[in-house]
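Lifted from Swiss-Prot, the feature list:
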{"type": "BINDING", "residues": "His66, His68, His215, Asp305", "note": "Zn(2+) binding site"}
{"type": "BINDING", "residues": "Glu95, Arg148, His188, Glu218, Asp305", "note": "substrate binding site"}
Amino acid sequence: MGTIVKNVSIVTGQAEAPFIRHGYFKFADGVIVSVAEGTPSPEEIDRVEVIDGKGKWVMPGMINTHGHLGMSLLRGHSDDLPLQSWLTEKMWPFEGKMDREAVHHARQLAMAEMIKSGTTTFLEMYHLYMDDLAEAVVEQGPRAVLMRSMIGLCSESEQREKLKEAVTFATTWNGDGNGRITTMMAPHAPYTCPPSFIEMIVDEADRIDLPLHTHMAETQREVEEHRKTYGVHPLVHFEQLGFLKDRHWLLAHCVHLGEEELDILEQHPSVHVSHNPMSNLKLGSGIANVQSMLERGINICLGTDSVASNNHLDLVEEMRIAALLQKGAVLDPTAIPAETAIAMATKNGAKALRLPQVGTIEAGKRADFIMIDPQCLHLQPHEHVMSHLVYALKGADVQDVFVEGAPLMLNKELKTFDEEKLQFEANAHYQRICEKLK
């Protein structure tokens, strides 16, 4: 048995055959069995479910490698402020009033939004009610990399309690949901975690064999303050303290890196960078030197950050902005070609999240894919599929989304979420929290 998807153009992500103009693929029990050009034979379609793509484009599900879904009620809550003021004056006071119900509905809203624009895997770095999110992921079908993030601006006993919570969460949920949930360890940032606390977290990550995630060099201010306190750039400090060696890290942002810091990243192939261009632009943080990182062989993937600083979770738009921004920043139209941008949104993210089972469409990989109907004005003429996916596509063009071969959206209709209820609950809980702040 199984399912065959026929009459489709396939962006495989494979180096040897990145694009199949007219082809088909088969999956069974959540795994891709075969990918081929042409039309399946009568023998191949005997006793299997057949999905006629009718000319749709298929690509790997997109992978959002940095986000805070729990902040999704904060969309538009505060704009046009520097990062530190934005965090301390607007974000953290609101989050301090959020209860379990508010965080739950924020995440429901975020997961649905991501699925509707083609994201099949997301990373959540947050500190509140993480078990609730893991349960929702198991029930509602996406793939997720989850972590209980830790801020260390507290006593050592409080740090140890946070670390205990993070380890318990990580070890409890890693591999759950038929493998759809994996976990990481996450010191929030060098400016919120003293080196002694990060060392404790790194040691625990080593003990339980999990990768690590943190914010790094997002703003010039945090880099300058770290230099005043410790005498060096935070990434250099990580290197000096031995945090990077032989460890799998995913660093979010990396906007303010000089040649020394780029050299360090190049020397550590297990350290990856999540590029969040739209959040960095909106918060005035700057433009990461992604082109130089790519030229050095550093693995770059994409993240949206939270809707509080973006203000959406559309990786299609993030992919386009990432490509265009580097072309303008380095004055080179060849920077980040379409194929590279697609890789950043798919297989590079899989590598960064230590998920070798996804990111491409090929035999043996999990059946995480999306389908796009090119019958819309802004995708004509539809000859140039790779170009259109980066420079013309909109997230709303995604029609079908599958994870592990299970449909999460068909013909733009969510299968595991009540979209009308999501909108009602989001507004109700936002107003309720605002009343608490008065």
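Note that Cβ sites are derived from N, Cα and C of the backbone, with glycine treated the same way.
Locations of recorded Swiss-Prot features on the structure.
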{"residue": "His66", "record": "Zn(2+) binding site", "DSSP class": "coil"}
{"residue": "Glu95", "record": "substrate binding site", "DSSP class": "helix"}
{"residue": "Arg148", "record": "substrate binding site", "DSSP class": "strand"}
{"residue": "His188", "record": "substrate binding site", "DSSP class": "coil"}
{"residue": "His215", "record": "Zn(2+) binding site", "DSSP class": "strand"}
{"residue": "Asp305", "record": "Zn(2+) binding site", "DSSP class": "coil"}
Nearest by Cα to Arg148 (substrate binding site), of the binding-site residues His66, His68, His215, Asp305, is His68
By a simple count of other Cβ atoms within 10 Å, which of Glu95, Glu218, Asp305, the binding-site residues in the record, is least packed? Glu95
Rounded to the nearest Å, what's the C-alpha distance separating Glu95 (substrate binding site) and His68 (Zn(2+) binding site)? Just drop the number here, would you? 12
Among the binding-site residues listed as His66, His68, His215, Asp305, within 10 angstroms of His188 (substrate binding site) by C-alpha we get His215
For a quick check of understanding: among the binding-site residues His68, His188, which residue's Cβ has the most other Cβ atoms within 10 Å? His68
Remaining residues near the recorded Zn(2+) site, that is with C-beta within 8 Å of the centroid of the site residues His66, His68, His215, Asp305: Gly67, Met125, Ala252, His253, Ser274, Asn276, Ser279, Gly303, Ser306
Measuring Cα to Cα across Glu95, Arg148, His188, Glu218, Asp305, which the record gives as the substrate binders, how far apart are the two most distant ones in Å? 21
Only counting partners 6 or more residues apart, tell me which same-chain residues put their Cβ under 8 Å from the Cβ of His66 (Zn(2+) binding site). Leu123, Met125, His213, Leu250, Ala252, His253, Ser274, Asn276, Gly303, Thr304, Asp305
If one looks at the chain holding His215 (Zn(2+) binding site), which residues at least 6 apart in sequence have a CB under 8 angstroms from its CB? His188, Ala189, Pro190, Leu251, Ala252, His253
